[in-house]
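J.: As annotated in TrEMBL:
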- 12-28: transmembrane segment (TRANSMEM)
- 55-73: transmembrane segment (TRANSMEM)
- 80-101: transmembrane segment (TRANSMEM)
- 107-127: transmembrane segment (TRANSMEM)
- 148-166: transmembrane segment (TRANSMEM)
- 178-200: transmembrane segment (TRANSMEM)
- 212-232: transmembrane segment (TRANSMEM)
- 244-265: transmembrane segment (TRANSMEM)
- 300-314: compositional bias 'Low complexity' (COMPBIAS)
- 300-335: region 'Disordered' (REGION)
- 321-335: compositional bias 'Polar residues' (COMPBIAS)
Amino acid sequence: MDQMSPDNINGLILAVSSSIFIGSSFIIKKKGLKKAGASGVRAGEGGHGYLYEPWWWAGMITMIVGEVANFAAYAFAPAILVTPLGALSIIFSAVLAHFILQEKLHIFGVLGCVLCVVGSTTIVLHAPHEQKIESVKQVWKLAIEPGFLVYSAVILIVVLVLIFYYEPRYGKTHMIVYVGICSLMGSLTVMSVKAVAIAIKLTFSGMNQFKYFHAWIFILVVTICCILQINYLNKALDTFNTAVISPVYYVMFTTFTIIASMIMFKDWASQSGLKIATELCGFVTILSGTFLLHKTKDMGNSGSTSGSGRGSVSIPRDTPVFTNSGSGRSSSPEK
């Protein structure tokens, strides 16, 4: 195993820090929402009392810090290292919820956390080195190579078909439509974010990159893609069960991001087949842990059990993965 490069180490530290901040922000904001809901109209019922709650603002600031750290991580490390580590935020969120919000973590949830850590460690130890980039124009040349142009064209065509044909017909009944749009555009977003992050990094080092039009085109792409993602992700969250959307979106988004990075930045060009296979195994391990953690997220608090007596295990009701069978919206009151 090759020694990790300084850039990869910096990217790793920023990515893990991002996961800690983002995972913590969910718990801090929820604590603020609970306090605001106890003394007024809850946010889920249209109330905005949380805007006067310091805990909620602390959570928002924590999330912003986490997103900034995640943005910066792409300037140092390849996407194949940074993006899968986003699963760690799920772990921090679940663990903090267990101790702070008293949302019990089931034993299978603990196993899911362990799988995420093992998979993340595997990817970190075998991640490719970030190639040396000295100008945003160099990133632009990578973006206009035939391979990535074909990938981008295919992504845009599929997204347009999903938006104008499938979304009006199947959007409210098939989750894969909304999540597919978000995931496909997300891969282009990350590539553009990485370009902008590199431009900022080089500018701070004394080489102004914003005098080139290429940097502004990447900023425009990030803006358009983010607006599109937010719009359709909100539709997905409003229509389907969040517990199902989160893992499916994570899997699809991370998969397409890795494919895009492999094509544009050629992350695997300098690696052996063994290392690539090991990284893929680490990625699959993270996916398994993520699905297990989400599938059992309510089992620790469930009062229903299969059978009675010692050793009985809570069994959550199945939720449809790709279709909305009428139980997509969560109607259970907040604890």
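Cβ atoms here come from the backbone N, Cα and C positions, even for glycine.
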J.: Cβ under 8 Å to the transmembrane segment (148-166), counting only same-chain residues 6 or more beyond its ends: which ones?
T.: 142, 174, 177, 180-181, 184-185, 187-188, 191, 256, 259-260, 263-264
J.: Taking 12-28, 55-73, 80-101, 178-200, 244-265 as candidates, which has the most Cβ pairs under 8 Å with the transmembrane segment (212-232)?
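T.: Highest pair count goes to 178-200.
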J.: Mind checking which residues reach the transmembrane segment (80-101)? Cβ under 8 Å, same chain, six or more beyond either end.
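T.: Sequence-remote neighbours of the transmembrane segment (80-101) are 8, 11-12, 15-16, 18-20, 22-24, 26-27, 30-31, 34, 66, 70, 73-74, 109, 113, 116-117, 119-120, 123-124, 127-128, 190, 246, 250, 253-254, 257-258, 261-262, 267-268, 279, 282-283, 286, 289-290, 293-294, 297, 300.
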J.: Within the same chain, where does the transmembrane segment (12-28) have neighbours whose Cβ lies under 8 angstroms from its own Cβ atoms, ignoring anything closer than 6 residues to its ends? I mean 6 or more beyond.
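T.: Beyond its ends, the transmembrane segment (12-28) has Cβ neighbours at 4, 55-56, 58-60, 62-63, 65-67, 69-70, 72-73, 76-77, 81-82, 85-93, 96-97, 100-101, 124.
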J.: I need to check the long-range neighbours of the transmembrane segment (244-265): which residues 6 or more away from its ends have a CB within less than 8 Å of a CB in the stretch?
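T.: Residues 78-80, 83-84, 86-87, 90, 131, 142-143, 145, 147-148, 151, 155, 175-176, 179-180, 182-184, 186-188, 190-191, 194, 233, 236-237, 283, 287, 290-291, 294-295, 319-321.
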